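A.B. asks: Per Swiss-Prot, heme binding site is recorded for CYS456. What Swiss-Prot records for SER68 is O-linked glycosylation site, and it gives experimental evidence as the kind of evidence.
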Amino acid sequence: MAFSQYISLAPELLLATAIFCLVFWVLRGTRTQVPKGLKSPPGPWGLPFIGHMLTLGKNPHLSLTKLSQQYGDVLQIRIGSTPVVVLSGLNTIKQALVKQGDDFKGRPDLYSFTLITNGKSMTFNPDSGPVWAARRRLAQDALKSFSIASDPTSVSSCYLEEHVSKEANHLISKFQKLMAEVGHFEPVNQVVESVANVIGAMCFGKNFPRKSEEMLNLVKSSKDFVENVTSGNAVDFFPVLRYLPNPALKRFKNFNDNFVLFLQKTVQEHYQDFNKNSIQDITGALFKHSENYKDNGGLIPQEKIVNIVNDIFGAGFETVTTAIFWSILLLVTEPKVQRKIHEELDTVIGRDRQPRLSDRPQLPYLEAFILEIYRYTSFVPFTIPHSTTRDTSLNGFHIPKECCIFINQWQVNHDEKQWKDPFVFRPERFLTNDNTAIDKTLSEKVMLFGLGKRRCIGEIPAKWEVFLFLAILLHQLEFTVPPGVKVDLTPSYGLTMKPRTCEHVQAWPRFSK
């Protein structure tokens, strides 16, 4: 080749060399020193600049489950230039989140997290120190006190039972009204409103604006939240996307801003008639803790209350709403299952009273149905991302400090090593051999609320709420769809995954009151 030809190719050669050097620098920058005796987690080769973003696709839980079958329970991918370790397998996840919980209790400093309550959310904030732990305990105690604790002024066994019973009966009335008017309905918005009223009553008591249009519009737009707080959201790993037109991100910002303003206003109104000698809701309990904050070193200054209430509201809302919606759709597609639940309710409850929380141990088939909803749908496919708080190791692999960790709950719930026919909806799998109780060992293998030090603070109240809502609804109603209507159970990926809306659900009274 003539020298002149080399000269003509110089710009292309320089560009290729520059690209190669940049790629090499990026890849080298993501590598860490691995201590002797340990290995780096395995994983596939990624593309320059974008890493494995395209590999994740529209359903990252499925893509990463497939990769785990090839690379094992601890694998590593890159999203952009950020290394992400993906954990699968129940035993591996328990080892990380429970036995090595202090190592894996962090949160990554993701951009989308900074938009939630102005970056001060207890659930999404990277802080995992002693102040965070103490505030988390206080939030858990407040939630417990005004949900499963006894209400001395009510005939109900606890606050939660009182609020759910009231809202479940309202929901039945709304369904029957829609049946009389149209003959079918779309259940999501009705369920959203009822569940929001329950958690709102527990948070604010009589101060919660039950029929506020502002509140209803906010909770009905919660999809703008769950679509953005997802494992693998591109905006968290590619900063340039924050400055480009992004309608979904704009809706997410607006939702968070508006919801915080709504909570600030409601909390402030609540404070006007706060009486420390008569605590009747979660916010009141938090006010009491905040009163002596400066005097005795308490852990909740008043300005933090909105942030904590926001976390509690979220913990008691999205999971319950999604579980009930999935339940209704699977009831209409599995009529034999619905019939068995009806038979159990008729035998145990009869027709002279409503189900109560105390009936739960005597309704094992309904409980098995709910567990199978959690497992089969796995509608929380990943936990909120974790991060490591220090250099650590897992299964012989080195994981550096501040490494982003994805926990694949969907894989755990569909692991063929743990479950027979995992892709079949079969509530009976959770019953003991004599069908009289729940197989506790098997039920503890279901993952939906996370594990360890970041386990969802609303797990117990949420499970009780789902049970009582469904028990009351199914005691009174039979759910169907008209002949020929097909229900699409294909979920849309997000923090919580919901199936497509079905506008042709029907609810028929089972007996006259």
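The count begins at 1 with the first shown residue.
Note: Cβ is positioned from N, Cα and C throughout, glycine not excepted.
Since we're looking at a predicted model, the values are computed, not measured.
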A.B. asks: Can you tell me how many other Cβ atoms are located within 10 Å of the Cβ belonging to CYS456 (heme binding site)?
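C.D. replies: The answer is 19.
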A.B. asks: Tell me the Cβ neighbour count for SER68 (O-linked glycosylation site), meaning other Cβ atoms within 10 Å of its Cβ, over all protein chains shown.
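C.D. replies: For SER68 (O-linked glycosylation site), the count of other Cβ atoms within 10 Å is 20.
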A.B. asks: Check CYS456 (heme binding site) against DSSP and tell me helix, strand or coil, would you?
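C.D. replies: The three-state answer is coil.
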A.B. asks: To the nearest whole angstrom, state the Cα distance for the pair CYS456 (heme binding site) and SER68 (O-linked glycosylation site).
C.D. replies: 25
